[in-house]
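Beneath this line is the structure, given in C-alpha cells, with notes to follow.
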Amino acid sequence: MYNFNAGPSILPRTVFEQAAQAILNFNNTGLSILELGHRTDTFQAVMNEAIALVKELMHLDADHEVLFLHGGASTQFFQVPMNLLNENEIAAYTDTDIWGAKAIKEARLFGHVEVVGSSKEANYSYLPKQLVVPKTAKYLHITSNNTIYGTQWQDMNPFYETGVPIVADMSSDILSRTLDFNKFDLIYAGAQKNVGAAGVNLVVVNKNILGKVDRKLPVMMDYRNHIENGSMLNTPPVFAVYVCMLTLRWLKEQGGVPAIEKINDQKAALLYSTIDKLPIFKGTAAVEDRSKMNVTFVMDDAALEKEFLALCKENGMVGVKGYRTIGGFRASLYNAMPLEGVQALTALMNDFAQRKG
Ligand SMILES: *Cc1c(COP(=O)(O)O)cnc(C)c1O
C-alpha cells in the first residue's frame, strides 16, 4: 500500500520494524521501550542521539538548541508569542493557511499582531509576496509549507533580508529540502508529518532570543527550562522521541537532506507534470508556489472525483482525498514516500484520464 495521508503519515518501513521490535525487547535489554525509565542511561542515549542527528542534519551552529516538546505544533502557536512577545510589542505574521491563521489567533492573546500578507481572500491558493515587515517587529512568523492548500515558500531570501528574527512553522516540510536553518531563530514542527510519530514536537531555537519578555512563564512553557534540562524537564514522550530518532537515522543513511531533496524534487515534478498534462485534473495552487510535500488538485466533476478516489483505494493508495475546505485530492509526498508510490499514482491518473477523456 502507498499512504499519501497528510499526517500522521507514512514513515520508512525499517522504522516501523525497528519500533515494533523495541516495544517487545528494546536493544536486547529484555524490556519494552514503553516501560523504560526516561532517566535511564538507555533512554538518555536515545535522546542524545536524536538531538545530535538534528544538529548534524540541519548543520546547526552552537547558538541553536534542539528540543523535543509535547503538545503538538498547536502548542507552539501560543508558546512562541508567550516567550518572545511583550504585550505592547508587535509581531509580524503571514496568513497563508488555516494553520497560520490559528497561530495568529493565539499570538493576539499575548501582544500586537500585524498580518503582513494574506491570501485568505483567494482561498489560500497563492503566497503573498513583497511583504512589508515593520523593523520594530519582534519576529516574523511564517508557515514554510502550507499543508492544507499545497503551497510552499520557495525563496526564503526576502525573509532573511527583513532583518527581523524569523519564526517558522515547518511542520510539513522540515528536513525535506536544503535551507540555511541557522537563519531562523525559531523553527517548530509537529513530528507526525516528516520526522516521526505523533506526540512530540521538534523545536530548534536560537537561545539568544530568549529571556526578553516581562511576563512570568509557567515552568513547562519557558523554553529555557527545557534547554537546561535537555528536553527532560518532565517525562518526555519516550516512544515518540525514539521513533523520531529512528527516522532521523534513516534520513542520514539516505544521504541526509540534500539526497532526500533530490528524490522529493523528482516525485513532485512527476506528479505536477501529470496533473498539467491531463486536462481532467487541475492543480489548485499557484504554479510558482506549488508545494513539493502536499500536492493539491481537483476535477470539475464531483462524481468523477469520487470514482477516482475509489480507484485509488482499490489499488492500495490511501489518503488521497483533499482537505474538507478545498475538496478534490491531496497527495502528500513526505520524505518516506518512495518514487515508486508517485509512479503508481500517476500511472493510475493516466489510465483514468484515458478512459474518461
Ligand atoms: C499539522 C500541522 C499543524 C498542527 O500540528 P499538531 O501537531 O496537530 O498541533 C500545524 N502547522 C502545520 C503547518 C501543520 O501541517
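Cβ atoms are placed via backbone N, Cα and C, with glycine included.
A TrEMBL annotation is a machine prediction, not a hand-curated record.
As written in TrEMBL, here are the features:
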DOMAIN    1-345  domain 'Aminotransferase class V'
BINDING   R39  L-glutamate binding site
BINDING   A73, S74, W99, T147, D169, Q192, N234, T235  pyridoxal 5'-phosphate binding site
MOD_RES   K193  N6-(pyridoxal phosphate)lysine
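Here the features listed in TrEMBL are placed on the structure.
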| residue | record | Cβ within 10 Å |
| --- | --- | --- |
| R39 | L-glutamate binding site | 10 |
| A73 | pyridoxal 5'-phosphate binding site | 25 |
| S74 | pyridoxal 5'-phosphate binding site | 15 |
| W99 | pyridoxal 5'-phosphate binding site | 21 |
| T147 | pyridoxal 5'-phosphate binding site | 27 |
| D169 | pyridoxal 5'-phosphate binding site | 29 |
| Q192 | pyridoxal 5'-phosphate binding site | 24 |
| K193 | N6-(pyridoxal phosphate)lysine | 28 |
| N234 | pyridoxal 5'-phosphate binding site | 12 |
| T235 | pyridoxal 5'-phosphate binding site | 10 |
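Spread of the pyridoxal 5'-phosphate binding residues is 31 Å (greatest Cα-Cα distance among A73, S74, W99, T147, D169, Q192, N234, T235). Put simply, the residue listed as 'L-glutamate binding site' is 30 Å from D169 (pyridoxal 5'-phosphate binding site) when counted between their Cα atoms. If you take the Cα of W99 (pyridoxal 5'-phosphate binding site) and the Cα of K193 (N6-(pyridoxal phosphate)lysine), they are about 14 angstrom apart, rounded to a whole number. Here the C-alpha separation of S74 (pyridoxal 5'-phosphate binding site) and R39 (L-glutamate binding site) works out to 27 Å. With respect to their backbone Cα atoms, the residue listed as 'N6-(pyridoxal phosphate)lysine' and T235 (pyridoxal 5'-phosphate binding site) stand 23 Å from each other. Listed in sequence order, the binding-site residues among R39, W99, N234, T235 whose CB lies under 6 angstroms from an atom of ligand 1 come out as W99.
Secondary structure at K193 (N6-(pyridoxal phosphate)lysine), taken from DSSP and collapsed to helix, strand or coil, is coil.
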